């Protein structure tokens, strides 16, 4: 007795690159005894056995249902729009790394039931590969050429080749295909040129290039001497500028101090009270030096007359004072020594 059977060649594992399209095969034939409704399901089996299977797409009761798995909405479809023809293969477009997993095709038509599993692995092509030179590019030194891809599924493999001058790699070179490092020992000027790196995995390749220029050793002593001389010159110029700035600042400060300095070239004028006191004091000293015999010709000056600024005027501008008419008392009768008070003449002199 014949029954439903899947006729597609079993492919336990399929590898595709990210962004590509994959077709998971699932063809079948029905038997005369299978009289029930046709039911086709594609499910994603999780890596964790504790989780449930996720239905991706289904054909049942002459209809297609593709809204079960949001992560693939718009990116999956049956290869044949009418799966009743015996083709229940699944197309997945624009593959992503997250699409990696185990897929199972189930075909049911009572009483027949068949299924088939396929392991899909989505690989990322090498991308953003960069080449660089590590080490001093001097004659006699060891130089390392590095190559690394920023993206790409393992296992990545790297290969170097020379594209200028001699095509073959130098005899002293050592290549590590897993890390992408090319070591050139005891480099010479013949090693100069353009080197090309190819990064690859099972689904794609990527490339980059780098220029190697091996030069004679640099005169280190001359560079150090030049640096020292340049530093000394720079310090000298800096010191000169600082000196000039300080000198200019001191000059400005001195000019400012001299400008605001107050000089007393002429003494201030004497006050009236000081002039009067000086005059009275001088008269008293003169009287104290006189004897009674020398004071006969003097008359007493009233104390109510206080000298004014007229004493400091020229003789021609002074006011005329009249001699005092008060007679001196007769001191001989009183038993005292007569004292004569000087009088002032018209020209301002004392008589």
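Each residue, glycine too, has its Cβ placed from N, Cα and C.
The model shown is predicted, which means the values in this text are computed figures rather than measured ones.
Here the domain 'Ig-like' (4-121) is broken down by DSSP into helix, strand and coil counts: 9 helix, 57 strand, 52 coil. Per TrEMBL, domain 'Ig-like' is recorded for 4-121 (among others).
The annotation domain 'Ig-like' is assigned in TrEMBL to 126-215 (among others).
The transmembrane segment annotation in TrEMBL covers 223-246.
Taken from TrEMBL, the feature region 'Disordered' covers 257-327.
Taken from TrEMBL, the feature compositional bias 'Basic and acidic residues' covers 257-267.
According to TrEMBL, the compositional bias 'Polar residues' annotation covers 271-307.
Cβ atoms under 8 Å from those of the transmembrane segment (223-246) belong to no residue of the same chain, restricted to positions at least 6 beyond its ends.
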